[in-house]
Amino acid sequence: MSGFAPHQADEVAIATIRTLAVDTVAAANSGHPGAPMGMAPVAHVLFSRFLNANPKNPKWFNRDRFVLSNGHGCALQYTLLHLLGYKLSIDDLKAFRQLDSKTPGHPEAGHTEGIEVTTGPLGQGFANAVGLAIGQAHLGAVFNKEGFNLINNYTYTFTGDGCLMEGVASEAASLAGHLKLGNLIVIYDDNNISIDGNTNVAFTEDVEQRFLSYGWQVLHVNDGNTDLASIYASIAAAREEKDKPTLIKLKTIIGFGSKEQGTHGVHGSPLKADDIAQLKEKFNFNPQEKFSVPQATYDLYAEFGKRGAALEEEWSTLLAQYAEKYPQEHAELTRRISGKLPEGWEKALPVYKPTDGAQASRKLSEIVLTALAPVLPELLGGSADLTGSNLTKVKKSVDFQHPSTGLGDYSGTYIRYGVREHGMGAIGNGLAAYGGIIPYVATFLNFVSYASGAVRLSALSGHRVIWVATHDGIGLGEDGPTHQPVETQIALRATPNLAFWRPADGNETSAAYLVSIQSESTPSVLSLTRQNLPQLEGSSIEKAALGGYVLVEEDNEDLTIVSSGSEVGIAVATAKKLKAEGIKTRVVSLPCWLTFDQQPLEYRKSVLRSGAPILSVEAASTAGWAKYSHEQFGMKGWGASAPYQKLYEKFGFTESNLAVVGKKVVDFYKGSKVVSPLEKALAL
């Protein structure tokens, strides 16, 4: 980059950003004006001099990615998108935080053009940015050739004191330092203010030393309010460091220009009318005018938009030349950018017969991943220090590591996340948002709870992140109730747009992967066992892919047992025992509630039909099962420490006890007109 010579147009633009953000927050009478006012100078320098993006094509693949770590500067980001010429009008800014507007209170991916990821909870965006940076490093290593540096974008994020207090940011920062992600530049709004007031009440650590210990480069701008040349120089220097991520410690005054600047009073509340008036006078704006943008500022930003369009045109020319020299790589790259799956990939999914040996579903998952790796190269996976337990590393796969470590290289497809479940989940969201990658992450099901903030944002954002969640219940045995999830299942099933799969055998495990990979805008959690499960008569990938199906059919049944995962095999054995005693029993496997609920109502009613009572069986909380069953058998509390066979016996998950339970249910409903819960439910 050439040197930086600030001029009057820059000062006017920065003042415009400040006043426009203040008016945006004031119009909604809600929001955070302080951060936009303090960060306006660095935002202007970054967006005007460095950020490579094309407002006319917000999804240009080699664009730089920009992330607000917490969303508190959303008015700032919306203002910049408007000035740059994205599809965001002044009327949209006036509708800030209003229902169905393009400018929701915290920016959401897929809702507003130019927003890369959905943040909000502090620190999530920081970790998303690490995922975006990994995405670039990986795809660049796979596809770039000499003379064809096709994938070389930077990821920039604005972060604050609150984000750096959150553990998820610490997890992600530690991993980013280990991975030496030189394409990641974090600008830290060091203003010493959080909602509770001055950060000296709770946050007095030496942030610089912390990030240096992580292996980051740390740069300083002592006056982020007015020193545009230093801001420019720090970003330029950060771009030159190729083997370390960079933290730019930018000293700012929150709410710069306000009567309350430098205090928490300007953090999360609109400015008062008299304060807005004096602010506008201070920056040579008419205090009576709202949402005023000088034509000179529009003209200035139009030039930056043209720069982005020219950069994309240059890139497209280079891509066409790449196609001539490397046609196979070009075809693969463009396929992955488009999001189209390889033709016939699903034929690689393993299929099982009832005569095949019993296997733990975590092992069945490993078999699927091994089969898919050659035909689905966009799978980029990893585990939170449980690789040998999760069985997520395909044999002979290369680790994603900086080449200097000798442990792998950036083309590798397996990420060693370390014991960082929450950071891993949020990084997975960034990988999904980058494009061209299908990320899977792994831990024990119980520890998905550690990452629930990231899982929730996966679902809200529509990120295809696949969780391989092994050791999924009391069946993990001797580790005891600290590791045995009984409530996690319903918490995940209750999350909108999250597919929670609990497969009962090999075909159902293949089906879980099939639907999870095909679901472009839905994350999935695959709940997998440690203990072996039999291959079930009547199961198939096609049936299980419907989310629920009849595994054992009977005409004029006396009872239907509906179950999932490791308890389905026990339900089948129970049905045989009951039939031998004259009680005709159907068995329904329901591996994924979300997918089942998406099927036509007539199909669902045929699976869980009226006429006989329905009993649900799952070695977990019974919460939620009433929508499918009349009676529920499950865990009433925590598990215990013992071999899994003893635990199933203790808590009644045996065919002999379930046969007793089933008889009680049949006797209770005998002579009654039994209507399926699906028939009774109103479509409210």
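Heads up, the Cβ atoms here are built off N, Cα and C, so glycines get one too.
Feature annotation from TrEMBL assigns active site, proton donor to Glu421. Listed in sequence order, Ala384, Thr443, Phe447, Val448, Tyr450, Ala451 are the same-chain residues at least 6 apart in sequence whose CB falls under 8 Å from the CB of Glu421 (active site, proton donor).
Its Cβ placed at the centre, His471 (substrate binding site) has 26 other Cβ atoms within 10 Å. Residues or ranges marked as substrate binding site by TrEMBL: His32, His267, Arg362, Ser389, His471, Asp479, His483, Arg530.
Per TrEMBL, thiamine diphosphate binding site is recorded for His72, Gly120, Pro121, Leu122, Gly162, Asn191, His267, Phe447. Listed in sequence order, Asn70, Glu166, Gly453, Leu457 are the same-chain residues six or more apart from Pro121 (thiamine diphosphate binding site) with CB atoms under 8 A from its CB.
Marked as Mg(2+) binding site by TrEMBL: Asp161, Asn191, Ile193. Sequence-distant contacts (6 or more apart, same chain, Cβ under 8 Å) of Asn191 (thiamine diphosphate binding site) comprise Gly34, Gly38, Gly160, Asp161, Lys251, Thr252, Ile253, Ile254, Gly262.
Under the heading domain 'Transketolase-like pyrimidine-binding', TrEMBL lists 359-535. For the domain 'Transketolase-like pyrimidine-binding' (359-535), the mean pLDDT of the prediction comes to 98.
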Q. How long is the line from the C-alpha of His483 (substrate binding site) to the C-alpha of Gly120 (thiamine diphosphate binding site), rounded to the nearest angstrom?
A. 29
Q. Quick one: largest C-alpha distance among His72, Gly120, Pro121, Leu122, Gly162, Asn191, His267, Phe447, binding thiamine diphosphate per the record, in angstrom?
A. 34
Q) Fewest other CB within 10 angstroms, which one of the binding-site residues His72, Arg530? A) Arg530
Q: Would you mind ranking the binding-site residues His32, Arg362, His483 by how many other Cβ atoms sit within 10 Å of each Cβ and giving me the lowest?
A: His483
Q: Would you list, in sequence order, the binding-site residues among Arg362, Asp479, Arg530 whose CA lies within 10 Å of the CA of Ile193 (Mg(2+) binding site)?
A: none
**Q.** Surrounding CB atoms that lie within 10 Å of the CB of Gly120 (thiamine diphosphate binding site), all protein chains
**A.** 20
**Q.** Local Cβ density at Ser389 (substrate binding site) - other Cβ atoms counted within 10 Å
**A.** 16
**Q.** Integer Cα-Cα distance in angstrom, Asp479 (substrate binding site) to Gly120 (thiamine diphosphate binding site)
**A.** 35
(Q) Give me the sequence-ordered set of same-chain residues, not including Asp161, Asn191, Ile193, with a C-beta within 8 angstroms of the centroid of the Mg(2+) site's C-beta atoms. (A) Gly160, Gly162, Asp189, Asp190, Asn192, Ser194, Thr199, Ile254, His267
